[in-house]
Every structure is written in structure tokens, then in C-alpha cells.
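The transmembrane segment annotation in TrEMBL covers 12-28, 48-70, 77-99, 127-144, 156-174, 180-198. What TrEMBL lists as domain 'Inositolphosphotransferase Aur1/Ipt1' is 27-192.
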Amino acid sequence: MNLQFWKQARPLLWMLAIPALGVIYTLSNRAGLNVYSLATTMDDKTPFVPAFVLPYSLWYPFLAAVLIGLFRKDPRLYFRTLSALCLGLVTCYVIYFVFQTTVSRPEVPPGPGWSSALLRFVYANDMPYNCFPSIHVLTSYLMIKSFRPFGRWARCLILLVGTAIIVSTVMIKQHVIADVAAGILLAEIVYLIADWALRQTLFRSQGDAREGYALSEDR
């Protein structure tokens, strides 16, 4: 029974591509020859709310939970979403290497509060680069787009958490509004590409199966 379970769950190992691709993020997360700022007056007026670091920090568990749930409920949609996510990550990394952007961070409020401590940890472990498009926005938006197979309350929870993560990117000054817009636009594009690629793969595999069946009939 355990062996059967692991055979069925083996496609979940493809999720390891996410942290594997994260190595490229680390390599590109630094200032290049030219670094640009896409901040606008609207970004300057956006409030700085350290408490939003909590949903921001839920990003990895959120992705893992939704992808595992997708695999259980709709394996085909799981592969489509994961493929779109990985394609989006690669696209982001290419952009970071050729068009590096940065964001101006405010001073973290002093004191022992949990939000300030957690935000200091985030700032210390993530340089203020690799901003456009936002990977947090790209991936969270993909989770929201793929929540169809879940029940009503699960969809509401995914929408709530995903939206909170997206909003948090500007509320803790990790990103500017342009980064959010680009992340959503990129998510829509890679989602369509992943759907097309999956359909082509299924069409070819079905065609090969039909051809093999016809050959066996001729014999």
C-alpha cells in the first residue's frame, strides 16, 4: 500500500523544481551595471504596514498546499499550473539579468514586536532587487486562477490568502505597483502557454496511441 501511494504521489516531486530554480534567483539578486526604479507617486502614497509581513511569509506554504491539493483533485490542472509557474520563474530570471530593478525600503520600526522582527528577517535575507515582475504576485495569482477544483470554502481561503500575499508585496515595500501589474500579466501569459503546451502533448500522445492501435489491427 505504501509503495502504491508513493508511485501515485511521484509527480509531486516536480514541485522541487521551484526551490531548484530559486538558485538562479539568488545569483541574480544583486545590483548590475544598471539598476532602475519603477516607483511612482502612487507608490509613495502607499502606506507602509509591517504587519503585512505575515501573509508575505506564508508564500511558500501557500504554494505547496495549493499545488498538493490540485494534484489530488485534478492532476492535469496541477501539471498545467506547475508548468506555468516554472515558465514564469524562468522568464522572471531572464528579465532580472537584463533589466534589474530595485525598491527603496523604509526603516523598520524599532522594538521587539513580532512584525518588526519578522520584517527585519525578510529584509536581511532578501536584497532589494529582482523586483520586476514580482514572483510573489506571479505565483500567488496562478494559485488563484487554478482554484476551480476546490470546494467553496477552500476557494474563498485561496482567494483570501493569495490576495493578501499580493497586497503585502507593496505594503511592506518589497515591490512597487508596476511589479504587481507585471506579475499578473506574466501569469496570464504563461498560463495560456502552459495550457497550449499540455494540449499539444496530450494530442500527440493520443495520436501515437491511435497509430499504434491501427498498426496492431493491420497485423
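Glycine is no exception: its Cβ is also placed from the backbone N, Cα and C atoms.
Listed as Cβ neighbours of the transmembrane segment (77-99) (distance under 8 Å, sequence separation of 6 or more from its ends, same chain) are residues 11, 14-15, 17-18, 21, 24-25, 28-29, 32, 36, 63, 67, 70-71, 129-130, 132-133, 135, 138-139, 142-143, 145-146, 148-149, 186-187, 190-191, 193-195, 197-198. Through the fold, the transmembrane segment (156-174) approaches residues 43, 46-50, 52-56, 58-59, 62, 66, 103-106, 119, 122, 126, 128, 131, 134, 136-137, 140-141, 143-144, 147, 150, 180, 183 of its own chain, all at least 6 residues removed from its boundaries and within a Cβ separation under 8 Å. Averaged over the domain 'Inositolphosphotransferase Aur1/Ipt1' (27-192), the predicted model reaches a pLDDT of 96.
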